[in-house]
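Per Swiss-Prot, these features apply:
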type	residues	note
ACT_SITE	Asp26	active site
ACT_SITE	Asn74	active site, proton acceptor
BINDING	Asp26, Glu217	Mg(2+) binding site
BINDING	27-31, Arg39, His43, 71-73, Trp75, Arg77, Arg198, 204-206	substrate binding site
Amino acid sequence: MFIFKRKKQVEMPLEKIPAHIGIIMDGNGRWAKKRLKPRVMGHKAGMDALQEVTIAASGLGVKVLTVYAFSTENWSRPDDEVKFIMNLPVEFFDKYVPELDKNNVRVQVIGDTHKLPKATYDAMQRACLRTKHNSGLVLNFALNYGGRSEITNAIKEIAQDVLEAKLNPDDITEDLVANHLMTNSLPYLYRDPDLIIRTSGELRLSNFLPWQSAYSEFYFTPVLWPDFKKDELHKAIVDYNQRHRRFGSV
């Protein structure tokens with residue numbers, strides 16, 4: 001059991017640590033605007049916040065941390081901003097992977113990665129290769145990821161198996177569909193997020209893990225992502241500890 005001490009030294013027991021946490025990292029642009037800085041500086045500050053949250057989650061015993069780094073819809077942003085965002089994984093992996101590796105963190109990526117710029121793709125591959133034997137927290141980047149597209153592709157794969165008589169339609173189950181999703185590379189028990197956190201005060205999923213989040217608990221906070229640090233993660237988990245997960249039962 002972990003004990004989280006608030007600033008007033010009130011001890012809060014953390015009986016339940018969510019095995020899989022998903023984070024929609026939102027508010028980088030607004031963070032920069034409040035400080036009269038370019039939007040790209042918010043993304044850079046968000047990168048530093050991610051490193052702190054990852055190490056904190058690892059220390060708490062979280063098994064998987066899936067972070068929404070770039071959606072399939074984000075390509076519609078201004079070209080200069082997209083170019084900067086695409087360079088962030090290169091900078092993040094080069095700067096922080098040695099520390100992640102030291103903390104036994106394994107880097108993994110889901111999404112349509114073949115459409116990424118070569119430098120981004122290569123940096124991602126280097127990080128995954130360097131940490132592939134680590135057995136601690138899985139830092140799972142959703143990069144050029146879209147939930148509807150993921151489900152559509154799973155349906156296409158299953159339909160093709162039926163067309164080729166490799167699969168009987170009566171044998172299609174939820175587990176079979178899940179096995180065709182990108183999260184099938186995660187440990188079986190931890191594929192679905194127990195807790196999804198969204199920063200910046202927005203109250204929507206934005207196409208993030210729609211299948212996997214069917215029974216997730218949600219935590220929405222007005223805190224902008226660059227300001228979401230270790231203490232904010234603890235607050236989210238304290239809130240999670242006050243929930244009773246029913247999974248559809250009474």
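One is the number of the first residue shown, and numbering goes on along the chain from there.
Quick reminder: no glycine exception, Cβ is built from N, Cα and C everywhere.
Positions of the features from Swiss-Prot, shown on the structure.
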residue	record	Cβ within 10 Å
Asp26	active site	23
Gly27	substrate binding site	25
Gly29	substrate binding site	21
Trp31	substrate binding site	25
His43	substrate binding site	21
Asn74	active site, proton acceptor	17
Trp75	substrate binding site	13
Arg198	substrate binding site	23
Leu205	substrate binding site	17
Glu217	Mg(2+) binding site	18
Candidates Asp26, Asn74, Glu217 (recorded positions) - the one closest to Arg198 (substrate binding site) by CA: Asp26
Tell me the Cα distance separating the residue listed as 'active site, proton acceptor' from Gly27 (substrate binding site), rounded to the nearest angstrom. 14
Nearest-integer angstrom distance between the alpha carbons (Cα) of Leu205 (substrate binding site) and Asp26 (active site): 11
Using C-alpha atoms only, work out the spacing between Thr72 (substrate binding site) and Asp26 (active site) and round it to an integer in Å. 15
